[in-house]
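Visitor: Features from Swiss-Prot:
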- 12-266: domain 'Protein kinase' (DOMAIN)
- LEU18, GLY19, GLN20, GLY21, THR22, PHE23, ALA24, LYS25, VAL26, LYS41: ATP binding site (BINDING)
- ASP134: active site, proton acceptor (ACT_SITE)
- 152-181: region 'Activation loop' (REGION)
- SER156: phosphoserine (MOD_RES)
- THR170: phosphothreonine (MOD_RES)
- 286-323: region 'Disordered' (REGION)
- 288-300: compositional bias 'Low complexity' (COMPBIAS)
- 311-323: compositional bias 'Basic and acidic residues' (COMPBIAS)
- 322-346: domain 'NAF' (DOMAIN)
- 350-379: region 'PPI' (REGION)
- 456-479: region 'Disordered' (REGION)
- 457-470: compositional bias 'Low complexity' (COMPBIAS)
Amino acid sequence: MENKPSVLTDKYDVGRLLGQGTFAKVYYGRSILTNQSVAIKMIDKEKVMKVGLIEQIKREISVMRIARHPNVVELYEVMATKTRIYFVMEYCKGGELFNKVAKGKLRDDVAWKYFYQLINAVDFCHSREVYHRDIKPENLLLDDNENLKVSDFGLSALADCKRQDGLLHTTCGTPAYVAPEVINRKGYDGTKADIWSCGVVLFVLLAGYLPFHDSNLMEMYRKIGKADFKAPSWFAPEVRRLLCKMLDPNPETRITIARIRESSWFRKGLHMKQKKMEKRVKEINSVEAGTAGTNENGAGPSENGAGPSENGDRVTEENHTDEPTNLNAFDLIALSAGFDLAGLFGDDNKRESRFTSQKPASVIISKLEEVAQRLKLSIRKREAGLFKLERLKEGRKGILSMDAEIFQVTPNFHLVEVKKSNGDTLEYQKLVAEDLRPALSDIVWVWQGEKDELTSQQETEYQQQQQQEQQEQEEPLKF
């Protein structure tokens, strides 16, 4: 590959070499506009075309665009010249996880953190039908905050790579981390193969060495095929049990990610993580309470009891009224499905749902609180007519949270918008479809998009309601 450019398309300064492979080199870069650090992967177009790998490059781009997750290296943009293809990616200052493990085994809590983040990333990719197929410490990077980032999707597979039997058939990956069914050149399930590799990574993090290793490659394959490994004496019993289930040579009986999350070792670490988070929240709240406890005149909290409730589920701000936002005709047009321009911008337009209701705002709020309690969601008021609902447990992409905002069209006619503010979009869609919609049915008049046109009965009801309210407004006051 020819010498690197010092500036890439007037957008990035290109700096030192970070690493290289057969067909590509990765350089440190910096955005000229924002000063943000990036990693720039330069691929020799001629080399990849000679060996027929251009489709693999295209697949890697597709996968990285699908797999947007906090624990997956983000692809910012792709550029190309006559001789090169450039991937501009998230820069991970901490380097490879391999470098940490090379110095020796990690503490249990540190190993748990990395394993937890790895499982979250892999689970998310699988939910998008993306299978990595080359999970190993060299492909797991660390950012500035020591958070894990899965990288190098060059060997990954999409669901459409499967044959008619529904299995993958390409042998790939690093031998010491590859599942037995992949080595045997049989069709394999990408999900199960990735779980095996995650099991090997977990062993390496806790032991500091590989579970399957031999100078003779065929002997190593034999050990992998029989799951012939010995756990060190310092491994806790619950870790041994989990590893035996992850490194099960039979893919049919190998543990699933859902069951990994339920394992005692995984839950124990999660419990410790939640305790730390709760402690941090209490510390933040105590600091905020100290600063908010006095006003400009040095007086304490007001006597009207307008502070947050003790249970923290419902927070009412002192300056906020209970009245929802009023909508005018232009607001309604902008919010209507027919005028929604979000689809033009290529984003997934499934992150929000709207419904209309003929119930008063107080009834809608009470119903939201009741449903939140039933679905084990926390709910708190942010401002007039706006509520934050959150799941108590982390999902594939962190805590799933959504905003429910009530808009007043008339005193007895409201529009409610439920919008995802954090977490996985697929989890949000499932929650809305399977839980929220049925639970809210008795206050919903119609969901947006459910019917393109209102039924004649609904139209008549709405017109009558509008006429009645107009008459009430026009009727002169009598003293």
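Every residue gets a Cβ built from N, Cα and C, even glycine.
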Visitor: Could you state the CA-to-CA distance between VAL26 (ATP binding site) and ASP134 (active site, proton acceptor) to the nearest Å?
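Guide: Here the two Cα atoms lie 19 Å apart.
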Visitor: I'm trying to understand the geometry here, so how far is the Cα atom of the residue listed as 'active site, proton acceptor' from the Cα atom of GLN20 (ATP binding site), in Å to the nearest whole number?
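Guide: Their Cα atoms are separated by 17 Å.
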Visitor: According to DSSP, which of helix, strand or coil covers VAL26 (ATP binding site)?
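Guide: Looking at the DSSP assignment, VAL26 (ATP binding site) belongs to a strand.
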Visitor: Among the binding-site residues listed here (GLN20, THR22), identify the one with the smallest other-Cβ count within 10 Å.
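Guide: Result for the binding-site residues GLN20, THR22: minimum number of other Cβ atoms within 10 Å at THR22.
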Visitor: Count the Cβ atoms, other than its own, that fall within 10 Å of the Cβ of ALA24 (ATP binding site), considering every protein chain shown.
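Guide: Excluding its own Cβ, ALA24 (ATP binding site) sees 20 Cβ atoms within 10 Å.
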Visitor: Would you list the other residues of this chain near ATP - those whose C-beta lies within 8 angstroms of the C-beta centroid of LEU18, GLY19, GLN20, GLY21, THR22, PHE23, ALA24, LYS25, VAL26, LYS41 - in sequence order?
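Guide: Same chain, not in LEU18, GLY19, GLN20, GLY21, THR22, PHE23, ALA24, LYS25, VAL26, LYS41, Cβ within 8 Å: MET42, ILE43.
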Visitor: In Å, how long is the longest CA to CA span across LEU18, GLY19, GLN20, GLY21, THR22, PHE23, ALA24, LYS25, VAL26, LYS41, which the record gives as the ATP binders?
Guide: 14
Visitor: Looking only at Cβ atoms, how many others are within 10 Å of the one on VAL26 (ATP binding site)?
Guide: 19
Visitor: What is the number of residues in the region 'PPI' (350-379) that are helix, strand and coil, as DSSP sees it?
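Guide: Counting residues by DSSP class gives 14 helix, 9 strand, 7 coil.
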Visitor: Relative to the Cβ position of the residue listed as 'active site, proton acceptor', how many further Cβ atoms are located within 10 Å?
Guide: 19
